[in-house]
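Notes for the one structure printed next.
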Amino acid sequence: VLKVVENLGVSYIRGSEPYKTKLGSELRKLKFPYRALAEDDYEARRKDHISHFILRLAYCQSEDLRRWFLQQEMDLLRYRFNELTDSLRQKFLDYVNLSFEAITEDLKNELANELCVSTPGLTMNKVKEQMFYKVGLADAVDLFRARRVFIKDGFAYVPLKEIDAIVLNNYRTKLSKALALTARSLPSIQSDERLQPLLNHLSHSYVGPDYSVQKNTGKIALEQIDALSVKSFPLCMRQLHKALRDNHHLRHGGRMQYGLFLKGIGLTLEQALEFWKKEFIRGKVDADKFDKGYAYSIRHSYGKEGRRTDYTPYSCMKIIMSNPPSQGDYHGCPFRHSDPELLKQKLQLYKIPPSGITQILELVKGMHYQLACQKYFELTHDVDDIGFSLNHPNQYFTESQRLLSGGREMKKELGNSGNSQKSNTQESMNSNCTPTSSNTTADAELEGLEAYFTED
């Protein structure tokens with residue numbers, strides 16, 4: 001269910017009618033009891049609660065997993081909350097101790113002019129159609145600060161279209177704390193041989209490939225990177241590559257984001273060391289300083305130093321939501337972190353047509369950063385629909401190469417034919433999914449869980 005929520009969240013504008021229609025259709029196909037409260041179905045609610053807490057155990061194990069789980073749960077709650085009837089919505093608010101009362105029609109008519117003037121985007125007719133809630137100022141600080149609500153006698157009068165923001169903020173805070181507390185209990189769970197394989201299997205089943213296993217290791221020559229950065233790099237990585245070539249240096253955030261991306265597309269450790277050293281010594285760093293100050297961190301990112309952790313390339317969500325760039329940095333997501341005017345200039349420099357730039361900037365304005373990146377892919381590859389949900393820079397590269405090579409994997413040299421994408425994908429699946437005894441058990445247990453939660 002959460003994977004469906006994620007895919008639709010990067011394929012449609014969240015909250016739009018096509019998004020809600022498609023999500024409702026997909027949830028019905030999966031037999032997910034999203035209307036269990038409305039239908040007063042105790043058994044369906046019970047399964048919903050159990051599945052949530054199982055996933056909470058599985059997805060509390062790392063910061064990336066917690067971030068992913070939190071985002072999908074928020075999107076799912078937003079949809080379910082907005083699908084409730086007025087009476088059930090009030091019942092839900094009371095149940096979670098958010099005592100917001102819907103104001104009476106008489107009071108709304110009395111305050112109609114003030115509500116219309118104080119609430120952006122509402123006409124007088126919409127005020128009459130909209131339900132308003134009387135909310136304490138402490139719960140509506142963000143709306144009050146942004147001057148989006150009418151204030152009277154210490155209360156904010158919040159329209160229905162804004163009340164879900166308060167509910168979601170409350171839920172985010174509580175779920176974040178709950179995931180942190182659950183993570184502290186992990187040591188006792190990890191000692192249970194029955195649970196740990198199942199939880200590990202769950203946490204790796206739905207977030208998609210992490211690109212830590214390099215399918216194309218050694219297939220890319222360093223001489224190809226400049227051309228690939230123009231044809232097949234997402235804008236964030238193209239920006240980092242250009243900054244590196246221009247300045248012969250990147251700060252730590254940029255080196256981590258770009259270095260792990262290059263690792264994910266197939267650069268070996270030896271190639272990475274050569275690539276970074278050649279570029280840095282063209283600037284103000286001599287060979288000795290590079291070997292002493294930078295080579296260690298590159299080997300560390302490949303799991304050859306320190307704790308021997310094999311670091312994973314950053315996903316779109318991680319890039320968008322963590323470590324924003326400061327002055328002099330080039331990492332981050334250009335659609336999220338760039339000034340719109342600078343982004344427009346960059347897109348013009350890269351020959352994006354004016355109509356395409358307008359579409360991208362509209363998506364950015366609506367904070368649909370991954371959709372903006374998908375639109376960038378479509379415009380740079382001259383396709384109408386990319387046919388997949390984009391959530392990782394390395395996925396962008398892989399799909400670009402697949403498209404440009406007619407469905408075949410990239411070749412190291414033009415004269416050498418590579419393996420077909422289908423063959424390579426099957427090989428990857430075999431290498432990643434070859435069942436060990438613990439995975440076989442986990443598979444069987446997971447199938448049992450899925451059967452339980454999809455019973456009619």
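Glycine too: its Cβ is placed from the backbone N, Cα and C atoms.
Here is what TrEMBL says about this protein:
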- Cys236, Cys316, Cys333, Cys373: [4Fe-4S] cluster binding site (BINDING)
- 416-427: compositional bias 'Polar residues' (COMPBIAS)
- 428-441: compositional bias 'Low complexity' (COMPBIAS)
- 444-456: compositional bias 'Acidic residues' (COMPBIAS)
- 227-397: domain 'DNA primase large subunit C-terminal' (DOMAIN)
- 410-456: region 'Disordered' (REGION)
If you average the pLDDT over the domain 'DNA primase large subunit C-terminal' (227-397), what number do you get? 91
Drop a 10 Å sphere on every Cβ of the binding-site residues Cys316, Cys333 and tell me which sphere holds the fewest other Cβ atoms. Cys316
Sequence-ordered list of residues in the chain of Cys373 ([4Fe-4S] cluster binding site) that lie 6 or more positions away and have a Cβ within less than 8 Å of its Cβ, or none, is Pro234, Leu235, Cys316, Cys333, Phe335, Leu390, Tyr396
